[in-house]
Amino acid sequence: MAKTIYVDNAATTPVSDSVLEAMMPYLKEVYGNPSSLYHVSEEPKAAIAKARDQVAKALNCEPREIFFTSCGTESDNWALKGYAVQMKKRDKTHIITTNIEHHAILHTAQFLESQGFDVTYLPVNEDGLVTAEQVRDAIRPETGLVSIMYANNEVGTIFPIPEIAEVCHEKEVILHTDAVQAVGHVPIDVKAQKIDMLSLSGHKIHAPKGIGALYVRKGIMPVNLLHGGGQERGRRGGTENTAFIVALGQAITDAVENMEKNTDHCRRLRDRLIEGLLAIPATRLNGARDPRLPGNVNVSFEGIEGESILLMLDAYGICASSGSACTSGSLDPSHVLLALGLPHAIAHGSLRLSVSENNTDEEVDYILEHVPAIIERLRNMSPVWDKENQRMIMEDDNLKK
Ligand SMILES: *Cc1c(COP(=O)(O)O)cnc(C)c1O
């Protein structure tokens with residue numbers, strides 16, 4: 001294979017040089033348990049405090065409002081399960097979320113339903129967005145928690161979190177947001193935006209996999225997910241992963257410091273990709289054009305299967321992701337694309353490219369040089385492609401929006 005073009009940064013990112021350099025000493029020389037009392041523990045303890053300051057500064061909160069976790073999934077589980085236990089004590093049993101959340105939220109919400117909670121899954125519109133009005137209309141006297149993602153991992157839409165927070169604040173309902181895709185890419189200020197809890201993950205912003213954090217506003221007490229030692233002020237047991245915590249501190253600092261520059265760069269590449277791909281006949285963009293994450297491209301090509309596009313792209317060294325079987329062997333198209341109202345047949349032919357500051361114009365040239373020919377080849381083999389009319393043959397034309 002000639003080269004690797006990695007455009008799947010919404011799935012994970014490579015560790016950056018500055019992050020690796022910052023974390024290295026804590027994998028080797030600085031090995032002390034941060035909770036111990038001898039001198040070997042002072043350095044790791046100080047390093048964790050510094051990382052907590054860095055994360056707090058990036059979100060504009062107090063360091064004591066930041067709790068380190070093992071991943072974004074843990075942060076989401078903790079926020080929902082931990083707060084559900086608290087709100088039930090006040091007879092609040094209703095939770096509001098959306099139907100395009102990450103499975104870390106959706107499956108946790110389903111678990112809570114099995115435990116007697118009532119969950120409303122707000123439907124998104126065809127652009128993949130919900131409004132603050134929808135949230136307002138769904139709030140009931142027994143609503144205790146709203147959990148709505150900041151930005152969607154598949155279609156890149158950015159939700160109106162400050163407006164939603166305003167509604168929650170007014171109705172005295174706690175707002176959690178899964179900001180794993182937004183942190184470092186979109187300006188976030190938890191104070192100004194009135195966010196009560198926020199999940200983030202390191203490996204989406206060039207820290208290693210296996211580190212995350214949960215911001216919990218002072219005064220809110222989700223019960224522990226992990227009971228154990230007194231780490232994280234007694235609220236999350238487990239010996240601290242010093243090296244990865246240091247990595248997260250460095251990664252979020254880098255991301256926030258370079259946000260403007262990186263956003264301009266990613267947006268330009270994204271827009272070139274969108275324009276180039278939409279020039280292919282019978283192709284549509286999934287998710288709102290704006291507001292959209294600077295690095296997200298998600299398109300559907302009628303008449304083909306996402307997996308076959310991925311295999312062909314891989315033969316050219318291009319790593320991307322599709323709207324179908326991305327979820328471990330399942331043949332169902334993504335719940336996100338279906339929620340946007342795409343017919344199954346079209347959702348199946350979807351492709352997500354997510355660029356980062358590491359991608360270049362030359363890589364975009366290369367992708368745009370090869371994808372149109374790949375699509376044409378696949379369509380020529382497709383039993384559902386009408387070559388003459390350059391459209392998909394569908395049994396029910398009403399399905400074709
Ligand atoms: C990646 C991701 C997660 C999960 O984070 P992990 O650290 O991989 O557990 C949660 N939510 C969203 C929106 C994500 O993109």
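Positions of Cβ are set from backbone N, Cα and C atoms, glycine also.
Keep in mind that TrEMBL annotations are predicted by a computer and have not been checked by a curator.
As recorded in TrEMBL, the features of this protein are as follows:
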- 5-366: domain 'Aminotransferase class V' (DOMAIN)
- GLY72, THR73, ASN153, GLN181, SER201, GLY202, HIS203, THR239: pyridoxal 5'-phosphate binding site (BINDING)
- LYS204: N6-(pyridoxal phosphate)lysine (MOD_RES)
- CYS326: active site, cysteine persulfide intermediate (ACT_SITE)
- CYS326: [2Fe-2S] cluster binding site (BINDING)
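The structure, with features from TrEMBL marked on it.
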residue	record	contacts (Cβ under 8 Å, 6+ apart)
GLY72	pyridoxal 5'-phosphate binding site	HIS102, ALA104, ASP178, VAL180, SER199, LEU200, SER201, LYS204, GLY212
THR73	pyridoxal 5'-phosphate binding site	ALA104, SER201, GLY212
ASN153	pyridoxal 5'-phosphate binding site	ALA10, HIS102, VAL180, GLN181
GLY202	pyridoxal 5'-phosphate binding site	PRO208, LYS209, GLY210, ILE211, GLY212, PHE244, ALA247, LEU248, ALA251
HIS203	pyridoxal 5'-phosphate binding site	THR12, THR13, CYS71, LYS209, GLY210, ILE211
THR239	pyridoxal 5'-phosphate binding site	ASN33, PRO34, SER35, GLY229, GLN231
Can you check what DSSP calls LYS204 (N6-(pyridoxal phosphate)lysine), collapsed to helix, strand or coil? coil
Using a 10 Å radius on the Cβ of the residue listed as 'N6-(pyridoxal phosphate)lysine', the other Cβ atoms enclosed count 26
Please list, in sequence order, those binding-site residues from GLY72, THR73, ASN153, GLN181, GLY202, THR239 with the Cβ less than 6 Å from ligand 1. GLY72, THR73, ASN153, GLN181
For THR73 (pyridoxal 5'-phosphate binding site), what is the secondary structure by DSSP, using just helix, strand and coil? helix
With every protein chain in view, how many other Cβ atoms are within 10 Å of the Cβ of SER201 (pyridoxal 5'-phosphate binding site)? 28
